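Written out below as structure tokens is the structure these notes cover.
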């Protein structure tokens, strides 16, 4: 079919160039991972992980934020190599920031099924990355394509998990920790937005509610909200009591987390600072469509940032191994 205004020979040349570009440009993301990595070697891999997550989620919805958090904690230590899954007296799992991780049984369940279907093919690191995506989908978030092809690491050291982003970190410290992993300020705000699902314990924020300053509570908290939180987490109360990180919709993946920051209702100190610091507030505002700024769609941007995070220092090719059991090296 001719294109008006162009010679047939030019159209043919353009068509050939497009075809060549299509076949010579590989679908590669990051350091060797790609979409559909298991399409031939284990075509049912993604569906097995998704059905496993769904099954566990139906009996325990808190599995979703647990798996999302576990993938984050894995990638920030030695890269996305499932080192967080390894057990042992000095493993990452024993480090204070990881003591409250949950969802290990979901990964183990999926691994058992995958080993039965495709022995020695699907890495634990990929299972964790896929499970994190499926957890977001389970909580009404948008699905994104997860590049796979990671291999599993063989080293896990407890002390290395001490440098994970923390709940008292300043914005400068948070930005440094993210930039060290190749993630920018927008990625920081976007990925912390994962706190739109899940809970935290009173012990990680109750210090903000009473003698944070000489005048009392943290002034960045909405005064009306302070009294609500004090009732949930009284002084000298049960520090292990859990409170939703996203006041109002802790089980739904949406933008209300950012609305809460704007309204002084961020639970963690590090979260609320995303609003009080100008460099990060801009992105919060854009996710909320405020002040005429060019809007960003949180769900779509979250998938993009997760793909970036999921490629931190990955092992591919002949690096690492494909574990038979996710909690121990082969």
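Placed from the backbone N, Cα and C atoms, the Cβ positions cover glycine too.
TrEMBL annotations: computationally assigned, not manually curated.
For 1-30, the entry in TrEMBL reads signal peptide.
Annotation source TrEMBL lists domain 'Plant heme peroxidase family profile' at 32-330. Across the domain 'Plant heme peroxidase family profile' (32-330), the prediction's mean pLDDT works out to 95.
Counting only same-chain residues at least 6 apart in sequence, those with a Cβ under 8 Å from the Cβ of residue 42 (disulfide bond) are 114, 117, 118, 121, 122. Taken from TrEMBL, the feature disulfide bond applies to 42-118 (among others).
Sequence-distant contacts of residue 69 (site 'Transition state stabilizer'), defined as residues of its own chain at least six apart whose C-beta falls under 8 angstroms from its C-beta, comprise 101, 194, 198. As annotated by TrEMBL, site 'Transition state stabilizer' applies to 69.
The annotation active site, proton acceptor is assigned in TrEMBL to 73. Cβ neighbours of residue 73 (active site, proton acceptor) (same chain, under 8 Å, six or more residues apart in sequence): 84, 92, 97, 98, 101, 161, 164.
If you look up TrEMBL, you'll see 74, 77, 79, 81, 83, 92 marked as Ca(2+) 1 binding site. For residue 83 (Ca(2+) 1 binding site), applying a Cβ distance below 8 Å and a minimum sequence separation of six or more within one chain yields 74, 77, 91, 92, 153, 155, 156.
Taken from TrEMBL, the feature disulfide bond covers 75-80 (among others). Around the Cβ of residue 75 (disulfide bond), the number of neighbouring Cβ atoms within 10 Å comes to 28.
Sequence-distant contacts of residue 124 (disulfide bond), defined as residues of its own chain at least six apart whose C-beta falls under 8 angstroms from its C-beta, comprise 82, 85, 107, 111, 152, 323, 326. The disulfide bond annotation in TrEMBL covers 124-326 (among others).
Neighbour count (other Cβ atoms within 10 Å of the Cβ, all protein chains): 26 for residue 195 (heme b binding site). Annotation comment: TrEMBL describes 195 as heme b binding site.
All protein chains shown were included, and the count of other CB atoms within 10 Å of the CB of residue 233 (disulfide bond) stands at 22. Positions annotated as disulfide bond by TrEMBL: 202-233 (among others).
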Among 77, 80, 118, 202, 326 [recorded positions], residue with fewest other Cβ within 10 Å: 118
Rounded distance in angstrom between the Cα atoms of residue 233 (disulfide bond) and residue 195 (heme b binding site): 19
Ca(2+) 1 site, defined by 74, 77, 79, 81, 83, 92: further same-chain residues with Cβ within 8 Å of the Cβ centre: 73, 75, 76, 78, 80, 82, 84, 153, 156
Residue pair residue 81 (Ca(2+) 1 binding site), residue 195 (heme b binding site) - Cα distance, angstrom, rounded: 23
Neighbourhood of residue 79 (Ca(2+) 1 binding site) by C-beta distance under 8 A, where only residues 6 or more apart in the same chain count: 153, 312, 313, 314, 315
